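Peer 1: According to TrEMBL, the protein has these features:
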type    : residues            : note
DOMAIN  : A:1-216             : domain 'Radical SAM core'
BINDING : A:C15, A:C19, A:C22 : [4Fe-4S] cluster binding site
Amino acid sequence: MPEPFGLLAELTYRCPLACSYCSNPLELAAYDDELTTAQWQRVFTEAAELGVLQCHLSGGEPLLRRDLVDLVRTAAGLGMYTNLVTSAIGLSRSRAEGLRDAGLDHVQVSVQADEPATADRIAGIPAFERKLRAAAVVKELGWPLTVNVVLHRQNVDRVAEIIALVEDLDADRVELANTQYYGWAWRNRAALLPSREQLAGAEEVVRAARARLAGRMEIVHVLPDYYAEYPKPCMGGWAARQLTVAPNGDALPCPAAQTLPLPRASVRDQSLRAIWEDSPLFTAYRGTGWMRDPCRSCDRRETDFGGCRCQAFQLTGDAARTDPVCHLSPDHALVTDAVEAANAPAGRDEVLVPRPHRG
Amino acid sequence: MPGDGRPRLTRHVRMRFDATRERHVLLGPESVIVLNPTGADILGLCDGRRTVSEVATELQARYDRVVDDEVAAFLDRLVTRRCVEIDDA
Ligand code: SF4
Ligand code: SF4
């Protein structure tokens, strides 16, 4: 049995922003009944006992949890490396100091674009200036700063300006991650999927920036898997290295797994260990035994694990099929059709559907 | 890898012993590195005061074999992954 390294604690799906690329589930109201402080603390303790070493506090916007400082203190006290994944809305200096004193190790701030008009249009509310101030607070308090930018059709042409902004913020690390099509991003896929030409342009900019900033700022660039030949490895394998707990206590092998037609596993009913070791949601696609061809006989099966189960389910209705992103998948046309539409010469004017913000 | 540089962990990573895996681990924002005992010994000596050569000499005494190349290669890999930084003399 593998031992998990990381816990993604999605503390709440409430969020002051309304990003149309959000991968939170569409049925946000189903998660309003959030775990209590004591329940989360129990989850952290059980996670540490399972071998978890890293705790990502995420959401939604985790700063909307009033007990965030207590939760950080518990996770840090268990020896876990604690990482706050935040829009930074609500990260005042005093709040930040409280988190630092509780032992928070690292802060990752999301930024939507390099200038207010685009950024605020993507985020659904005017948030840009507040984010910049919060990022400065992160640096002032001596934390390493990672800036995360989700790239898509609407902002990828400005990647040079985005990198310049991140440089101004004196970030240690920037993640330029193309959208993953789950939740709200799935609904908005046509408006978010970039064209081949856009991607080539961005790649060139990133290559030059990497050379220029070597040793000063690390640039992680995650390309959209729709344009790749092979799928992305599923988080080091299904239920192999990571687990997620959703705001309502549902335990998941990955944050997109809510959609799969398997019985729910909740930390309200069972220990994390029982879920990790025995629940069908976790055991169904662990290892390679579940695979069919072409994955079963493919020599990349231990490299990419057949790709993403959630994407396979989303695109084909069957989570045990090969990820259609793979060019060997019999369903690959589902991906190439979407790519073709994104590159149609007529150009499209798709409208972004914001996820509703819930505060 | 200059022998007179002084290696230390970068400030965003932390080393600790993990009882589950019975290994030292290096924890950072996006990575967990499970260390073998030699790696843990090397990093245990990287305090920003000892030089790379001094780290190697101390380990050599401990293990009773030459470890210069091993130490340099190991630190080099961690510098690339931004877990270790070297202060020049
Ligand atoms: S709406 Fe935006 S900031 Fe909020 S959780 Fe979704 S992606 Fe993150
Ligand atoms: S066939 Fe399956 S295992 Fe092989 S590359 Fe494609 S997704 Fe990966």
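Glycine is no exception: its Cβ is also placed from the backbone N, Cα and C atoms.
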Peer 1: Are there any residues in the same chain, six or more apart in sequence, whose C-beta is under 8 angstroms from the C-beta of A:C19 ([4Fe-4S] cluster binding site), and if so which?
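Peer 2: For A:C19 ([4Fe-4S] cluster binding site), the qualifying residues are A:Q112, A:I122, A:A123, A:G124, A:V150, A:W184, A:P354, A:R355.
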Peer 1: Give the helix, strand or coil assignment DSSP yields for A:C15 ([4Fe-4S] cluster binding site).
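Peer 2: DSSP assigns A:C15 ([4Fe-4S] cluster binding site) to strand.
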Peer 1: Calculate the per-residue pLDDT averaged over the domain 'Radical SAM core' (A:1-216) and state the result as an integer.
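Peer 2: Within the domain 'Radical SAM core' (A:1-216), the model's average pLDDT equals 92.
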Peer 1: A:C22 ([4Fe-4S] cluster binding site) has how many other Cβ neighbours within 10 Å of its own Cβ?
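Peer 2: Around A:C22 ([4Fe-4S] cluster binding site), other Cβ atoms within 10 Å: 27.
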Peer 1: Specify all same-chain residues, apart from the site residues A:C15, A:C19, A:C22, whose Cβ lies within 8 angstroms of the center of the Cβ atoms of the [4Fe-4S] cluster site, ordered by sequence.
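Peer 2: Once A:C15, A:C19, A:C22 are set aside, the remaining close residues are A:L17, A:A18, A:S20, A:Y21, A:N24, A:G60, A:S87, A:A123, A:G124, A:W184, A:R355, A:H357.
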